[in-house]
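Asker: What Swiss-Prot shows for this protein is this:
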- Gly32, Pro33, Ser34, Gly35, Ala36, Gly37, Lys38, Ser39: ATP binding site (BINDING)
- 2-230: domain 'ABC transporter' (DOMAIN)
Amino acid sequence: MLKLTDITWLYHHLPMRFSLTVERGEQVAILGPSGAGKSTLLNLIAGFLTPASGSLTIDGVDHTTTPPSRRPVSMLFQENNLFSHLTVAQNIGLGLNPGLKLNAAQQEKMHAIARQMGIDNLMARLPGELSGGQRQRVALARCLVREQPILLLDEPFSALDPALRQEMLTLVSTSCQQQKMTLLMVSHSVEDAARIATRSVVVADGRIAWQGKTEEVLSGKGSASAIWGIQG
């Protein structure tokens, strides 16, 4: 279970403050206007930002000040951060060992994830030889191979065409269910959120302004839709 209690980030001396509980295996969408604090929330969970106050626990363990490399969290961005001089296999392998010294079990795990992502025939290629969708599959494979209990997505598929974006969202949702991972996904699209998340959190002005069923946001009725700017 992920629990944030009054986690506070000072943005130009204006506090963003979040309290949130997410159960293990839950898939949650984080919605809200641009600049509301959605990415800040994910970066606080991942450890890329250090809170001024508050606490963050994962499965009852305090990770408020744990550095990103030691948190039980993986994060995927719109910019996939693949290393252009490394092959697909090497980029995925970094998720298992930064020195790329993989034992037989790790090699098998890497290839199993590649097969799951549908990129097992691309392992010898460089990122520059891949399409945008293929590069995001590689980046996702690198996240999943780490087998961390929490996966954070900061709009990684927003640049893809609608059909490919839906395919990637389905792949993420299925993978998280298989590995019993908790998923938090930032999105500007309520429709994308509804595809994989039954629960949504709406962020506004650096606060969690609403949380509940995604279908309520999609319906265009109620307070969540008003914050989000949807009218039914």
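Every residue, even glycine, has its Cβ placed from backbone N, Cα and C.
Looking at the shown structure, what environment does each listed feature sit in?
Answerer: Within 10 Å of the Cβ of Ala36 (ATP binding site) there are 22 other Cβ atoms, across all protein chains.
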Asker: Taking the Cβ of Gly32 (ATP binding site) as the centre, count every other Cβ atom within 10 Å, in any protein chain shown.
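Answerer: Within a 10 Å radius of the Cβ of Gly32 (ATP binding site) lie 27 other Cβ atoms.
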Asker: Based on Cβ atoms within 10 Å, give me the single least packed residue among the binding-site residues Gly35, Gly37, Lys38.
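Answerer: Fewest other Cβ atoms within 10 Å, among the binding-site residues Gly35, Gly37, Lys38, is found for Gly35.
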Asker: So what pLDDT does the domain 'ABC transporter' (2-230) average out to?
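Answerer: Over the domain 'ABC transporter' (2-230), the predicted model scores a mean pLDDT of 89.
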